[in-house]
Amino acid sequence: MEKQHSLIFLTGFSGSGKSSIGPLLANSLGYDFIDIDSAIEEQEGKTITRIFAEEGERAFRKLEQAMIATIAERKEMVASLGGGALEHTPTFELISTTGTLVYLKSDPKNLAKRLFHKTDRPLLRSSGTEKPDREALERNISAILEKRSPRYESAAITVYTDQKRIGSTVEELTRKIERFVRKQSSIEQNDQHKDRP
């Protein structure tokens, strides 16, 4: 499967801004947009929370991988991933070999602030409680981030989303992605010229 540098996979923890930044970024780049979680919900006719509750995380990760596989050869598309998508190794490998990974980075304190009132994040609920206190949530986020960090940090492009307007983040991402795609295309063209007899 050929790598498409203009197939942009947005990753980051829940609350990092993928769903709000994704459509604006796609519009800025002139690309199509897909939110993988929303596409799965539409396909399955149930929420992600319900899929986790009824079928478990493993079943959800398989649905997620299959959905990503359907767009793996697309060009000029921004795909917003679920926060834990990269934990599933086959999905991580599929993304790494088919597109460009972009990490929206945010610190645990800011993530906890944004996620405190959300009830639709199945992996963030502490055992036995629907909604943990803010400090417990921050500790939970820090622990999950530590586990996910190596794959998040493998992204070709990283942008910090803390203390920034969404518009500024979109502008920064647009510049970095356009520069990256141009550079990779140029490298590939040079390699093709070298391969010619």
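Each residue's number is its place along the chain shown, starting with 1.
Any Cβ shown, glycine's included, is placed from N, Cα and C.
Residues or ranges marked as ATP binding site by Swiss-Prot on the basis of sequence analysis: GLY15, SER16, GLY17, LYS18, SER19, SER20, ARG121. Non-local contacts of GLY17 (ATP binding site) by the CB criterion (under 8 A, 6+ apart in sequence, same chain) comprise LEU104, SER106, THR161, ILE166, THR169.
Sequence annotations record features per position, and here Swiss-Prot assigns Mg(2+) binding site to SER19 based on sequence analysis. Secondary structure from DSSP puts SER19 (ATP binding site) in a helix.
Long-range Cβ proximity for ARG148 (substrate binding site), meaning a same-chain Cβ under 8 A and a gap of 6 or more residues, is found for PHE13, GLY83, GLY84, LEU86, GLU87. Annotation comment: Swiss-Prot describes ASP37, ARG61, GLY83, ARG148 as substrate binding site.
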Integer Å distance between the CA atoms belonging to ARG61 (substrate binding site) and GLY15 (ATP binding site): 19
Between any two of ASP37, ARG61, GLY83, ARG148, the residues recorded as binding substrate, what is the biggest Cα to Cα distance in Å? 18
Could you list the residues of the same chain, at least six apart in sequence, whose Cβ is under 8 A from the Cβ of ARG61 (substrate binding site)? GLY84, ALA85, GLU87, HIS88, THR91
